[in-house]
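The block underneath contains the structure these notes are about, expressed in structure tokens.
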Amino acid sequence: MEVACLQRRFIDLTATIFQQEILDSQFTQLQQLQDESSPNFIHEVVSLFFQEAEKLLNELSKALDQQIVDFKKVDAHVHRLKGSSASIGARRVKDVCIAFRSCCEENNKDGCIQHLQQVNQEYYLVKSNLEDLLKLEKQILASGGSIPTMK
Amino acid sequence: MGRRNQQLPPQQEAMTVEAEARFHVLAVDDSLIDRKLIERLLKTSSYQVTTVESGTKALELLGLREDQDTTPSVSLDQHEIEVNLVITDYCMPGMTGYDLLKKIKGSSSLKDIPVVIMSSENVPSRISRCLEGGAEEFFLKPVQLSDMKRLRLHLLKGKTNCKEEQQQQQQQEENNNISNGCSSNKNSNSNKRKAIDEELSPKRTRPRFSNDSLTVV
């Protein structure tokens, strides 16, 4: 595929992602930290995020499946997920986590289950967008082009 | 022999080389992502970095076992490293960042190492507790590149080898006193600026020199 076409797609995708606040300025900051001395930084951080988030979502599912829910444990997992998503700039995931924690504080099982569903949705949304974005980057570079810088 | 012909006496030359060597920051965080992030931020800012996942590991590296108040005079631990600043997460399982701060400040050999606390939560009582406990500063997560610039201030306070830097800092403190600035500076300035620490363990190889051997350039 032509470089210009790929670059166009990259620009459009980035615009959409930021418009919808799927990612926020924290992600931009991470992009700025990647350079020749650390060319795989984004890829590494994103991979870590995926691994950790999926593990936490799993734990949350199990914890909320119990007869008697340990809300402290649930809250601890959500706190962790909130931190990771904030660090990578996954804004919508982070926002759901904040609301999720309120449910934990209230020992509200139904609320927690609802929020778990929501956070799952947001997570898979950011995951697929990040994957698309990184794939486009790779294709652009492979075609000899440069990644458009967004401002 | 022929010292006057040299640009710098050997001691000062060594000191200059030392001053150009990078500051070493020890970063403590139980989150792998955050460790990766802080490492990148620090390296981008030209610091040498070591990251660990817990306060316990941090103390081990600093040469202090949890039950000690001072590093042993003969350092048996091969893992002991010299550190110019500790930056730690607040919320960690087991030993919190605050616990780590108190351990460091309570140790005669480590208390002059500046400690910065990070937290994802903006809790004023937590922040003042940390500052009162001796933390230089409190960063809200996610930590930004611009936060890294603030570290340099605290690192220069901790480093006592360079007379030039002491003078610079003196000037800065005088300015601060006049403008009544830095709310985070709860300790008296005289505690921060210490004469060469006589208790330096043999492992600390930074050159020490007394002021009268310095040639005035």
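Placed from the backbone N, Cα and C atoms, the Cβ positions cover glycine too.
TrEMBL labels come from automatic prediction, so no person has curated them.
Positions annotated as domain 'Response regulatory' by TrEMBL: B:24-156. Positions annotated as 4-aspartylphosphate by TrEMBL: B:ASP89. Annotation source TrEMBL lists region 'Disordered' at B:162-217. What TrEMBL records for B:167-190 is compositional bias 'Low complexity'.
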Per DSSP, what is the residue count of the domain 'Response regulatory' (B:24-156) in each of helix, strand and coil?
51 helix, 24 strand, 58 coil
Give me the count of other Cβ atoms within 10 A of the Cβ belonging to B:ASP89 (4-aspartylphosphate).
27
